[in-house]
Amino acid sequence: MNTEIDISALGVDGDGIARMPDGERLFVPGALAGEHVSVQPVDARSAHLLSVLRPSPDRVAPPCPLFGQCGGCAIQHLSLPAALDWKTETVVHALERAGFADPIVTARFQSPPASRRRVDLAIRRRPDGVAIGLHARRGDVVDLTTCPVLAPALFALLPALREVTRSLGALRQNGDVLINQLDSGPDLLLATDGPLEPSDRAKLAEFARSQRIPRIAWRRAGTTDTPETAAQTGPVRHLFSGIAVAPPPGAFLQPSSAGEAAIIAAVLAALPRKLNRRDAIIELYAGCGTLSFALSEKARVLAFEGHPDAVASLRRATSGTRVVAEQRDLNRQPVMARQIAEAGAIVLDPPYMGAGAQMAQIVEGRPQRVVYVSCNPQALSRDAAGLKAAGYTLDGVTIIDQFLWSTEVEAVCVFSTPPAPRRRMR
Ligand SMILES: C[S@@+](CC[C@H](N)C(=O)[O-])C[C@H]1O[C@@H](n2cnc3c(N)ncnc32)[C@H](O)[C@@H]1O
């Protein structure tokens, strides 16, 4: 039976939320906060949007014809300024839940459309060819025939990529491809559900030559095997703060270069003023050095990273710099409180699940400045609660929206604590 309801909020997945008379929440995909809508209930917790009777002033026409089918974007019906406000609130609420009342938002950044330089796409063989794209929210792959998010150079590869993957014996039904748009050109990590035959390698080599792709790596789909090089036409190279790094296939890269610059600027601005040349910054979850070389302009950097290939590429680039890189699984073997305590500052950029066991050592080490780069407000809330309990203040937070039209948001948070009082000698 159709019902009219008021939408009171936008949930973390981008669905409208209505409060029902029994206090339960009803999720309505496609509806926005403040709207009066007509819905058809699907089950006790969700409903299908039939029509918007009173639209939000923030509602806009989605810029992409695939919106609603393709699972890549969740909030194209919300204006970009309103999306940035909503993402800001998500981070602010996460910090409030951790105990920091009224966080000061120091700066906000939103990347422009058509600037995404890293993407992970699914590949499906179909009777009429190959589809390459993102999964529908609860369904199959939607062929990416247009995309307002991807950088044009990256999107331009897709037609030729469809053709070459269609011809591969290694692609039986399913595969995926991670593309990093590096300074040296597109870097592809292809995974397929069948083994790579010599004839496949020849086709990939020709594709790499014709598309000016320096490297195509391959591994079996569904595995985390070390990728093998399937085709190489030239060196792989990417500059981080002017230092050339050769990232491994599928390396973590910030999704846009402007977003990367905004994160670096916020992290550098957060460092203590009195750092001197002998101080060391401890950088945790350093990847291939996105932040490391920028930080090294301020002090020595001890950079810890768990992925062996990432840390190897970082290490190869450190000669002549003030960065020392060490491989460490920071869940199993965190940097201990005693070493943390001696650092001039701690900079951490943990994965989606947050800093886990490493956070306990940071809290115990009580460094004066902790700069936390977050990609998940829930994990940030958990980790920041430990800092609050230890007496830290939150100096400010920078909001970074570089996953345009998705529900993802990043933040750079600056935490400080006064030095521990010295014990008097009796
Ligand atoms: C969000 S990325 C940040 C990388 C880098 N700071 C950047 O901006 O490019 C998180 C990094 O944490 C690393 N990582 C994930 N789990 C880890 C662990 N248990 N120990 C150490 N590093 C880990 C990943 O390999 C990845 O490089």
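Just so you know, glycine gets a Cβ as well, placed from its N, Cα and C.
TrEMBL annotates Gln254, Tyr285, Asp349 as S-adenosyl-L-methionine-binding residues; of Glu297, Glu305, Glu342, Glu364, the candidate listed for that same site is Glu305. Cα of Asp349 (S-adenosyl-L-methionine binding site) to Cα of Cys375 (active site, nucleophile): a span of 8 Å. With every protein chain in view, the residue among the binding-site residues Glu305, Asp349 whose Cβ has the most Cβ partners within 10 Å turns out to be Glu305. The record gives Gln254, Tyr285, Glu305, Asp349 for S-adenosyl-L-methionine. Within 8 Å of the mean position of their Cβ atoms, the other Cβ atoms in that chain belong to Phe252, Ala286, Gly287, Thr290, Leu291, Pro350, Val373. The S-adenosyl-L-methionine site in the record is lined by Gln254, Tyr285, Glu305, Asp349, and its two most distant CA atoms lie 16 Å apart.
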